[in-house]
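Participant: Take a look at the following structure, please.
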Amino acid sequence: MPQRQSQAAKNCKLIHAQTLKFGFGLDGKLGNAIVDLYSKCGDIDFAWKVFDRLDKRDGSAWNSIMSMYSRFDLPEEVVWVFGLMRNSNTPSNQFTFALVLSACGRLANVGLGREIHSELIKMGFYLNSFCEGSLINMYAKCDCLIDARRVFDGVHKPDTISWTSMIAGYVRVGLPEKALELFKEMQRVGGRPDQVAFVTIITACVSLGRLEDAIDLFAQMPNPNVVAWNVMISGHTKNGFEEEAVSFFRNMNLACVKPTRSTLGSVLSAIANLSALDQGQQVHCEAIKLGLASNVYVGSSLINVYSKCQVMESARKVFDEVDVRNTVLWNAMLGGYAQNNHPLEVMEIFSSMRSFGVKPDEFTYSSVLRAIAWLESLEMGRQLHSFIIKRNLGLNLVVGNALVNMYAKSGDLKDARRQFELIEERDNISWNAIIVGYVHEKDEEEAFRMFQKMIFNGFVPEEVSLSSILSGCANLQALEQGKQVHCFSVKVGLDLNIYAGSSLVDMYSKCGDMEAANNVLSEMPVQTVVSRNALIAGYIQSNNTEEAVYRFQEIQAEGLQPSKITFASILTACSESSRLNLGRQVHCYTLKSGVLHDDVFLGVSLLGMYLRSLSIEDAKKLFLEFPKQRSTVLWTCMISGHAQNGYSDKALWFFREMRSDDALPDQATFTSVLSACSGLAALQDGREVHCLIFHMGFNLDEYTCSALVDMYAKGGDIESSVKVFEEMDSKEDAISWNSMIVGFAKNGYAEDALRIFDQMKHLNVEPDDITFLGVLNACSHGGMVSEGREFFNLMIKYYGIQPRIDHYACMIDLLGRGGYLKEAEEFIDDLPFEPDCGIWATLLSACTVHRDEVRGKRAAEELIVLEPQNSSPYVLLSNIYAASKNWDGVNEVRNSMKERGVRKLPGCSWISVGTKTNLFVAGDKFHPSAGEVRAILKDLTALMREHGYVAIIGSVLDEED
């Protein structure tokens with residue numbers, strides 16, 4: 001201990017002073033004893049001063065100096081002093097040789113060791129037990145196990161040191177089985193292993209993964225020291241037995257063995273893998289008591305625990321309290337923020353690290369590149385890449401993998417692939433990064449090719465690459481390829497892996513094969529919440545909400561804790577009015593579980609559930625419960641929810657409130673509010689939003705501009721719509737072209753819509769189902785029946801797009817408007833599904849226009865069966881009868897409506913004046929300005945009659961209440 005050593009040095013100087021005072025000098029044994037005393041006190045300067053003044057230096061004085069350097073772990077100085085001793089012709093003894101052989105072992109200087117071995121033989125020290133043990137130790141540390149074993153086998157009765165040295169030698173060169181055999185032989189012949197021997201052999205067992213043998217040997221140790229406890233704790237942690245490692249730590253405390261920093265580091269690593277926050281906090285308290293909390297090694301381990309438990313505030317507190325921070329500690333903090341997706345904090349820590357002059361290493365750059373990948377900041381990534389090249393780390397494997405990931409996640413697959421090809425010694429992480437990148441950017445075909453190339457190059461895919469490629473199969477709904485990957489996962493033994501197994505469940509669910517998804521889940525040894533979530537999402541996608549709800553209840557019944565994803569998925573199943581009560585119950589459950597507390601993700605899911613269920617008041621109450629500084633996502637959810645449910649005026653109100661709350665709109669916000677403007681045909685509001693879009697720089701965003709095109713078109717301002725479309729810098733996605741095509745079609749510009757479609761094809765933009773819906777609408781409104789038939793066939797045969805019910809309805813409308821009612825009827829009869837209300841309503845409208853009483857009656861009857869309380873088919877059929885003077889038919893329809901209690905809903909219209917939207921309903925006498933409105937209408941009607949307007953009186957049910 002430093003204090004005792006310092007006191008001993010003072011005492012030594014007092015004794016030395018007394019010898020000089022009494023005039024004894026430094027002759028004989030007294031001088032040698034003083035040299036030895038200074039050496040053992042670690043006072044190198046005084047040891048040498050006394051040594052230089054000795055009248056006669058014998059072997060013991062030289063040995064004292066060499067022993068001093070040996071204790072300071074300075075083997076080079078030991079060899080140097082031995083050379084001086086040889087040159088002085090001072091004879092060596094067994095202690096001299098033992099010290100020099102120990103230094104040779106530490107320096108791995110087998111050449112000098114062999115020379116000493118020869119001298120031992122010449123001088124007759126060969127059979128000395130002290131020298132034999134030193135020779136065995138020297139050869140073992142120099143990895144010359146054959147020579148060590150030859151000496152060992154020549155020893156008549158090896159002592160404990162010889163046994164231990166030989167066992168340690170076998171462990172050192174990677175022959176733990178030989179070490180175990182020798183240890184058993186030692187016990188068989190009656191040798192008594194000491195603490196070092198036990199620790200050495202236990203280490204060998206741990207390296208072999210034979211933890212049970214290690215536990216048996218540990219149990220045989222009398223009073224295990226801290227090193228033995230450390231080996232057991234770290235061994236169990238490294239082999240994945242974290243709970244057992246924590247148990248050993250507890251037993252160590254019970255045995256009153258004081259932990260070291262290595263102990264705390266190992267047990268904290270186990271706790272981090274378990275994400276056991278409570279246990280981590282307990283060890284943190286113990287570290288504080290031991291004065292080790294500010295130690296760099298313990299501090300980095302604590303940061304790792306808090307990072308894995310997602311408590312970054314505590315991790316940062318530990319970091320700030322460590323006095324001396326090395327690169328490892330900085331990396332721990334960077335890695336923690338990177339793992340928890342806090343990219344801005346990563347950049348802040350990296351900046352501080354550089355300002356403190358700490359030199360970054362490959363792990364530093366790996367974390368920073370991961371943060372840049374999360375930010376998708378390609379320019380920042382390129383700048384850092386340049387800096388990495390200047391530091392000559394560009395070809396480092398860890399950095400190379402991180403660069404591939406950064407470029408891929410930032411959308412630059414070309415540079416990601418180039419960086420991947422530059423890596424000479426690729427590992428699984430390299431392949432995973434490029435495969436994940438291709439899947440992330442929806443280039444599944446190239447991902448499949450890289451996956452095959454990975455296998456061809458002799459790499460066995462692990463759970464990350466398998467999960468990524470299965471995600472690609474799910475995206476493409478490529479069931480057959482998914483099954484092939486499943487077979488491969490069985491072959492490599494990963495089908496039961498939690499991560500890969502959950503991806504298999506997800507793949508089969510998204511491909512609609514719920515039976516296979518269930519089979520995979522049932523075979524998994526551990527059915528986690530993640531795998532259950534995939535199954536629930538699959539059932540919801542398949543519209544089997546009953547089974548989804550049952551699976552959710554199953555999670556609760558088995559005592560598993562639903563995650564945020566579980567709640568979000570099941571809330572999607574509760575989006576119908578009939579399941580609103582279940583949705584409210586799930587809401588209560590999230591509150592009791594504590595997972596809803598200020599959680600935006602779950603908040604959006606709950607708001608969406610209430611809005612889709614038309615429970616507007618519940619949505620508003622929940623929204624108001626969130627903190628006043630509400631996020632953009634929450635505001636956008638309220639705006640889009642109201643717009644999608646027909647409450648466009650409310651959506652605009654929420655947008656104005658959002659602006660007054662200083663929340664910044666994003667792409668999704670603008671798209672939603674423009675949809676609300678479209679629903680109200682509120683051009684003035686739309687123009688104001690357009691100005692804001694321009695000022696915030698979203699005028700360069702393709703999706704926002706597409707929404708602007710749609711808004712102006714639906715408001716009847718086709719010129720502004722065209723202007724926005726032509727000013728768009730990027731029109732790579734079909735959505736912008738679709739908006740223009742549909743805009744032209746709805747406003748009666750059929751030829752312009754088809755012209756835009758031709759431009760789209762010329763620029764190789766792939767049309768989708770919405771494109772053809774717009775084109776067919778254009779043909780329908782333009783009376784282009786033959787062209788419409790051609791486009792419908794082109795969609796199916798050339799582009800492979802399967803028609804939706806909307807496409808079929810559009811074709812019926814096209815044929816009906818053109819007067820091809822018989823063909824339209826036959827088209828309906830040949831549909832591959834049962835026609836819905838929209839199909840029959842389209843035919844009925846066409847029959848009304850062309851006064852086809854027979855087909856009109858059939859269409860109306862079909863509609864009445866599907867929607868008995870809808871007044872529209874009655875009205876339209878009545879109008880058909882009235883047009884052909886079939887008054888009996890008119891009376892029959894009127895009586896049928898009365899018998900069934902069907903009432904015609906009055907027509908309504910609205911107009912926006914300032915910020916207020918005024919709604920007018922036919923026959924409404926309660927509007928505050930009803931008198932003024934009627935007066936103006938009277939004047940307008942008179943003016944219209946002067947210009948030749950004649951009222952149509954054929955629609956006899958128009959005055960029905």
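Quick reminder: no glycine exception, Cβ is built from N, Cα and C everywhere.
Straight out of TrEMBL:
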type: REPEAT; residues: 58-92; note: repeat 'PPR'
type: REPEAT; residues: 159-193; note: repeat 'PPR'
type: REPEAT; residues: 225-259; note: repeat 'PPR'
type: REPEAT; residues: 326-360; note: repeat 'PPR'
type: REPEAT; residues: 427-461; note: repeat 'PPR'
type: REPEAT; residues: 528-562; note: repeat 'PPR'
type: REPEAT; residues: 631-665; note: repeat 'PPR'
type: REPEAT; residues: 701-731; note: repeat 'PPR'
type: REPEAT; residues: 733-767; note: repeat 'PPR'
Participant: DSSP helix, strand and coil counts for the repeat 'PPR' (701-731)?
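Facilitator: Across the repeat 'PPR' (701-731), the residues distribute as 23 helix, 0 strand, 8 coil.
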Participant: Which residues of the same chain, at least 6 past either end of the repeat 'PPR' (427-461), have a Cβ under 8 Å from a Cβ in it?
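Facilitator: Result: 397, 400-401, 404-405, 407-409, 411, 413, 416-417, 420, 468-469, 471-473, 475-476, 478, 481, 488, 492, 494.
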Participant: Other than its close neighbours in sequence, what residues sit by the repeat 'PPR' (159-193), given a CB gap under 8 Å and a spacing of at least six beyond its ends?
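Facilitator: Distal contacts: 129, 132-133, 136-137, 139-141, 143, 145, 148-149, 152, 200-201, 203-205, 207-208, 213.
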Participant: Which whole number is the mean pLDDT over the repeat 'PPR' (58-92)?
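Facilitator: A mean pLDDT of 87 is what the predicted model shows over the repeat 'PPR' (58-92).
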Participant: Just give the helix, strand and coil counts over the repeat 'PPR' (159-193), going by DSSP.
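Facilitator: Counting residues per DSSP class in the repeat 'PPR' (159-193), I get 26 helix, 0 strand, 9 coil.
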Participant: In the repeat 'PPR' (225-259), how many residues does DSSP assign to helix, to strand and to coil?
Facilitator: 26 helix, 0 strand, 9 coil
